[in-house]
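What TrEMBL says about this protein:
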| type | residues | note |
| --- | --- | --- |
| BINDING | Ser66, Tyr135 | Fe-coproporphyrin III binding site |
| BINDING | His199, Glu291 | Fe(2+) binding site |
Amino acid sequence: MSDPSTAPTTGTDVSPYDALLLLSFGGPEKPEDVVPFLENVTRGRGIPRERLVEVGQHYFGFGGKSPINDQNRAFLAALRADLKEAGVDLPVYWGNRNWDPYLTDTLAQMKADGVRRAAVFTTSAYASYSSCRQYRENLFDAAEAVGDGNVSAAPVLDKLRHYFNHPGFIEPVVDGVLSALADLPEDQRAAARIVFVTHSIPTVMNDASGRPGAGGAYVAQHLDVSRVVADRVATETGVAHDWDLVYCSRSGAAHIPWLEPDVNDHLEELHARGTTAVVLCPVGFVSDHMEVIYDLDTEALATCERLGMQARRSATAGDDPRFVAAVRDLVLERAAVERGEEVTRNSVGEFGALWDRCPAGCCFNARADKPTLAGEDSPQRADAAQ
Ligand SMILES: CC1=C(CCC(=O)O)c2cc3nc(cc4[nH]c(cc5[nH]c(cc1n2)c(C)c5CCC(=O)O)c(CCC(=O)O)c4C)C(CCC(=O)O)=C3C
Ligand SMILES: [Fe+2]
């Protein structure tokens, strides 16, 4: 574990990598995209039709355009500039799970460009099937397509370790909470509660998240980050604000348990207990996704307004230079590991830096046992790329 101010790893040697891949979720760009996008996301997942209609309305309410693609474009530009500035010569590609540019097309382009081995950074910080393993399934499917059935004929893909506890992710979140607190009326500030919010998932998905047999990593990692952020805020302000971790964006059938409480129910409860001011911190999201601009900025802030509670939504890491530099740090760290060198791994909180390769069976989804890349049991052999 290291001091949160630790500078990113220095150096410029990224061998054995010859590319970096930004892997994200994707989102619609215009109204005609909304329904096909939702079909891509929910294929085979048993999401009730009413929920799809409702989520479609969220997108249509914002002109049929998700903010996520523009945020990835901005992140890409910032990442390329950061690497160039640091003297790191590494082309950066971008591919999505659910929308253009699709991962498979990007991987085909990488192969055509002669890429043999790439580091992969996903826009999802925590462990769970939806936020980690499913991306590793996507990597397998893309490599299988690009390698004509032989994943080792595609570029070798190494997913970078989880970064929820990397100081470059945490520090912008801390600053966001500090700014949000400062923006509250002065007489409300000291008593304000910090309400950390993340994407709800089915409780069985949380139970299976992380190392097989351990479980619960999704919630445990969010609690760890929330505690670190709250402690850092207390150090800066001299006030130990009470805090909670709650959830947004529940979907799925009503009889299936998902993580609770929902942020809106929680705000009602806080109001009933006498809370008069909150900071809503979207700790589970790396940028201002639809969940943030709809579920928090539109819905949860309206709940606060109705209850007469003062509320501010704090900023996500987005393209903060410290978060961008964290990607460079993670690539240089992993490259050194793959070269067999000793490394210092930056992290804060109680977990320390997690594994480079997910353990076999990590974040398993019992509903669909599908092959993955980038784990200990990856069928891609690194030496195939040499
Ligand atoms: C843990 C998690 C993250 C990780 C946090 C992260 O990566 O940041 C995440 C990210 C995202 N989820 C997103 C959008 C959607 N997720 C859906 C559905 C679901 N998400 C789930 C979980 C997660 N999702 C789950 C368990 C489902 C049920 C169906 C299934 O098992 O797959 C649906 C279907 C409709 C609905 O059910 O809501 C949509 C439209 C977008 C794009 C936003 C934009 O456009 O800005 C992003 C980044
Ligand atoms: Fe989602």
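Glycine is no exception: its Cβ is also placed from the backbone N, Cα and C atoms.
Everything TrEMBL records as a feature, shown here on the structure.
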| residue | record | DSSP (3 states) |
| --- | --- | --- |
| Ser66 | Fe-coproporphyrin III binding site | coil |
| Tyr135 | Fe-coproporphyrin III binding site | helix |
| His199 | Fe(2+) binding site | strand |
| Glu291 | Fe(2+) binding site | helix |
Pairwise Cα distance for Glu291 (Fe(2+) binding site)/Tyr135 (Fe-coproporphyrin III binding site) [Å, integer]:
19
If you count Cβ atoms within 10 Å of the Cβ of His199 (Fe(2+) binding site), leaving out that atom itself, what do you get?
24
Determine, to the nearest whole angstrom, how far the Cα atom of Tyr135 (Fe-coproporphyrin III binding site) is from the Cα atom of His199 (Fe(2+) binding site).
16
For Ser66 (Fe-coproporphyrin III binding site), the number of other Cβ atoms found within 10 Å of its own Cβ:
25
Taking the Cβ of Tyr135 (Fe-coproporphyrin III binding site) as centre, how many other Cβ atoms lie within 10 Å?
23
Glu291 (Fe(2+) binding site), number of other Cβ atoms within 10 Å:
21
Pairwise CA distance, His199 (Fe(2+) binding site) versus Ser66 (Fe-coproporphyrin III binding site), rounded so that it is a whole Å:
17
